[in-house]
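Student: Questions regarding the structure given below will be posed in turn.
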Amino acid sequence: MNYKVKDISMAEAGRMKIEWAESKMPVLMSLREKYEKTKPLKGQRIAGCLHVTKETAVLVETLRAAGAEIAWSGCNPLSTQDDIAAALAKAGYSIFAWHGMNVEEFYWCIDRTLDFKPTLTLDDGADLIMSIHTKHKGLIKEMLGGTEETTTGVHRLRAMADDGALKYPVIAVNDAETKWDFDNVYGTGQSSIDGILRATSVLLAGKTFVVGGYGHCGRGCAMRAAGLGSNVIATEVKPTQALKATLEGHRIMKMDQAASVGDIFITATGMKDIIVKRHFEKMKDGAIVCNTGHYDCEINIDDLEALTKSKRTVRPNCEEYTLKNGKHIFLLAQGRLVNLAAAEGHPSEVMDMSFANQFLSQLRTVREGEKMENKVYGIPEEQDQEIASLKLSTMGISIDNLSKDQISYASDYLAGT
Ligand code: 3DD
């Protein structure tokens, strides 16, 4: 058997969680039912590098049902759910993932997924694609194309393409409205609060909750923290985003000001050094600091360590740093994405649409990959509407449609007041 997981005996527990997710991912399951008959991915070898969660397992099993051969690794050292990895290993997948791996092991796992010479990649954060473009250039000739799940990964790949460095076509799944306007907002909003609560069990009502970055993810976190009674402060560098946060009723401050008043801090910017030494020095005793961005560069841990007299793990995913100034700061999930490292990531219902986009984009790459250029492609509007309408139907929701007369009215420029 070709896999490396923490403990294969956890497979049964993992399988039950996968079944739980299947029951809440009707769009992806309907696509599985449709394509397991025709198997359009037959003959394809998909290397995946995406958080190993119960929802990802549903995507993996849908890709196999459609005919693909799969090799998989996790895209973050702390986000793998070990029982899910065990269930996939037990089901015969080449999976290399466990919670708490170090960076060297992380890349070793990616390398193992490349042993079978993939024809497609499915990435979250572009570390897999980057490995192929750097350490495994010989695989590029076999590659049809790839898909990328997250904002940060798409930014990296667009920069690569602009530089002429991208050597095969990639579809930006994050650009799908049925991904970014649901997963990034409602998924990140709920799962980040979930991670904070599992790691600290604190009351959010009445607390000053500082959100670093008011993009889609930050907006979700702000919305859900406010919903639980927090006083939200957002920090931003983009005027339009700061304005949106203000009109949403949140306070805007520079992080230099917010640092001294916040009780709970979460970064969601995709940028490095959002919380650094001078911020830690200003923080209140007992401040809780965490990140929900893809990489662990948003909170400068080296700066925190430099100010620290001692540290200890006081709860799972919650480290107490005792500073030389006598104050305590609690860092969650070692500064890595708190929603996946301290909880289970976004709920199945919202990943249902993200992964329907992943699945359809893999099919599109097989259909069109040879004609596609080495650049980053968006998602067709009709795919978004198809997924949203499938989702609505699974929720028993019907909507209006335009009459022929209304459709002609929409383009009748003579119809004025
Ligand atoms: N991500 C969040 N929750 C997830 C879950 N339950 N399974 C797999 C991946 C999950 C990460 C996504 O939000 C991804 O779209 C991103 O990082 O943008």
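Using the three backbone atoms N, Cα and C, a Cβ is placed for every residue, glycine included.
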Student: Starting from the substrate binding annotation in TrEMBL that includes Thr53, Asp124, Lys179, Asp183, which of Glu33, Glu104, Glu148, Glu149 is the extra site residue?
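Tutor: Between Glu33, Glu104, Glu148, Glu149, TrEMBL records just one in the substrate site with Thr53, Asp124, Lys179, Asp183, namely Glu149.
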Student: Using the Cβ centroid of Thr53, Asp124, Glu149, Lys179, Asp183 as the reference point for the substrate site, which residues of the same chain not in that list have Cβ within 8 Å?
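Tutor: Leaving out the recorded residues gives Leu50, His51, Thr150, Val173, Asn174, His346, Met351, Ser354, Phe355, Gln358.
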Student: Relative to the Cβ of Thr152 (NAD(+) binding site), which residues of the same chain, six or more apart in sequence, are found under 8 Å away?
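Tutor: Within the chain, Thr152 (NAD(+) binding site) has Cβ neighbours under 8 Å at Gly125, Ala126, Gly270, Gly293, His294, Tyr295.
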Student: So if I take the binding-site residues (Glu149, Thr150, Gly213, Cys217, His346) and measure from each Cβ to the nearest atom of ligand 1, which come out below 6 Å?
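Tutor: Result: Glu149, Thr150, His346.
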Student: Count the Cβ atoms, other than its own, that fall within 10 Å of the Cβ of Thr150 (NAD(+) binding site), considering every protein chain shown.
Tutor: 27
Student: To the nearest whole angstrom, state the Cα distance for the pair His346 (NAD(+) binding site) and Glu149 (substrate binding site).
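Tutor: On Cα coordinates alone, these residues lie 13 Å apart.
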Student: Reduce the DSSP letter at Gly213 (NAD(+) binding site) to three states and note it down.
Tutor: coil
Student: How big is the Cα-to-Cα gap, in Å, between Glu236 (NAD(+) binding site) and Lys179 (substrate binding site)?
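Tutor: Cα of Glu236 (NAD(+) binding site) to Cα of Lys179 (substrate binding site) measures 23 Å after rounding.
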